[in-house]
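Worksheet for the structure shown next.
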Amino acid sequence: MNISAALCFGFLGIGCILLQPTAMKIGRRPVYIIGTFLNLIGCIIGGLQTSIEVYYVVNILTGFGAAPVDSLVQISTTDIFFAHQRGTRLSFFALALGSGSYLGPVAAGYITEGQDWTWCFWYLVVFFGILLVVEVFTLEESVYQRQAPPRDASEVTTLDDRPQTSTKEPKMATEGVSKVQRLRSNTLDTLREIRKTYWQRMALIYTKHANLKSWWFLAIFPFRLVTYPAIVWAGFMGGIQIWWLSLLSVTQSEIFSVPPYNFGIAAVGDTNIAAFIGGIFGMLWGGPLSDWWVLYRARKNKGIMEPEFRLWLLFVPAIINSVGILLYGLGGYNGWHWMVSAGVGTAFIGFGIGAGGAIGLTYAIDCYPHIAAESMVLILFMRNVLGFAFTFAIQPWMDGMGSQNTIIFLAVLCFVTTMTFLCMIKWGKGFRKKTARTYLRFKDDRCSEGLR
């Protein structure tokens, strides 16, 4: 099972690398549809599978197919929303993503007990089939070239280009007013867009604002961003959050299906409900509250918003997540009341994952908004590589070091790694200054190609 989960993480990372440049060439919409279709096929195979090898194939397909959801939603968010709104939207996205991880096992437990484990896949076939239809007929393209209005009359073609021959004041005043009116009218005409028809909006391929660079260049380009500390740090933070999610998924059955708990399949799945509740509070902390905090600090800073303002809110998740790991692990392996480990412990972990993931991603986008798509590829590649490695290593690690010692070590590691936000607060602005020249060059390249 650990191998299959690791394969899912691995191909999730590969999918981010391959599908992200595809979205920049042909649009976001077709890539979302491709991802949903691959998940549909993977779940059909999952319902028919007869061996562990086929199960590996299912995880490869569904992992690759989930890549657009994992990496492209953040880019669609930057397409649509302003900087001070992104924290809230990304936190909702993080909650939705986490809800699948938390509530999926809850539903799977009851389905397995009431019907058969293969029905977990058949229900997903129904859901993905409905989603595919919804995407094909209602999902619109989000990429769009936003042009600033002309700044002076030289940028606008006026209706009256006749030479001004008279110098009398009344006539000059009248013509001045007329000129302004013509300028306003033509500026509005310049900005006015012709509304597309429904079928134009539902086109499967959209290349009007496609990136002019080659697909191979776009696929390799994100790895040039390893010299951007903010992006690397965000990827590292995302990977650490995946560790705690993997810790729950790998150890829940091991802890709660044996004495003194003796939980059934459905009851083991129910232990994720607390993590979901914690994730809701984490979403509120890393989303609406962080957006409010950024605006509050910006007002105190003479209206200047610094991306590092958001990072101060990581102090609370650093403490709560670490305590949650201790309560979950030590409580579970020592037979404490299930409310301590499966209740409070998992809720604290869910809070830390929800808040930490949203704040880290939003920070990277705040730092480099014009290369958000490329940044997401590197961030999510790092995150999935770390998740892939941890999922492979956690069970041998616990077998060799001992369960309780491993839990204590992971709790300390959680606190130390999350507190690295202090390094970004201290040196983050300096890092951004050092990378400003190359970032502005990347930005100018994108703007010259008609991209944001």
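Keep in mind that glycine also has a Cβ here, set from the backbone N, Cα and C atoms.
Because the structure is a prediction, the values reported are computed rather than measured.
In TrEMBL this protein carries:
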type	residues	note
DOMAIN	1-429	domain 'Major facilitator superfamily (MFS) profile'
TRANSMEM	29-48	transmembrane segment
TRANSMEM	90-111	transmembrane segment
TRANSMEM	117-137	transmembrane segment
REGION	154-173	region 'Disordered'
COMPBIAS	159-172	compositional bias 'Basic and acidic residues'
TRANSMEM	215-244	transmembrane segment
TRANSMEM	264-288	transmembrane segment
TRANSMEM	309-330	transmembrane segment
TRANSMEM	336-365	transmembrane segment
TRANSMEM	377-395	transmembrane segment
TRANSMEM	407-427	transmembrane segment
Seg_contact(the transmembrane segment (29-48), the transmembrane segment (215-244)) with at least 3 CB pairs under 8 angstroms, min sep 6:
no
Cβ-based contact of the transmembrane segment (264-288) with the transmembrane segment (407-427), 3 or more pairs under 8 Å:
no
In the same chain, who gets a Cβ under 8 Å from the transmembrane segment (215-244) while lying at least 6 residues past its ends?
9, 17-18, 20-22, 24-25, 307, 321, 325, 349, 352-353, 356-357, 360-361, 363-364, 367-368, 371, 374-375, 377-387, 390, 410, 414, 417-418, 420, 423-424, 427-428, 431-432, 435, 438-439
Positions whose Cβ lies under 8 angstroms from the transmembrane segment (407-427), at least six residues beyond its ends:
229-230, 233, 236-237, 240, 243-244, 247, 308, 311-312, 314-315, 317-319, 321-323, 325-326, 328-330, 333, 352, 356, 363, 401
Six or more residues beyond either end and a Cβ under 8 Å away: which residues meet both conditions relative to the transmembrane segment (90-111)?
69-70, 73-74, 77, 117, 119-120, 123, 245, 249, 252, 264-270, 272-273, 275-276, 279-280, 282-284, 286-288, 290, 350, 353-354, 357-358, 361-362, 365
For the transmembrane segment (117-137), find every same-chain residue at least 6 residues outside the stretch whose CB is under 8 Å from a CB in it, and list them.
29, 32-33, 36-37, 39-40, 43-44, 46-49, 58, 107-108, 111, 202
Suppose you look only at the domain 'Major facilitator superfamily (MFS) profile' (1-429); what would the mean pLDDT be?
85
For the transmembrane segment (377-395), distant same-chain residues with Cβ under 8 A (at least six beyond the ends):
2-3, 5-6, 9-10, 12-13, 16-17, 20-21, 70-71, 222-223, 225-226, 231-232, 234-236, 238-243, 245-247, 250-251, 361, 364, 406
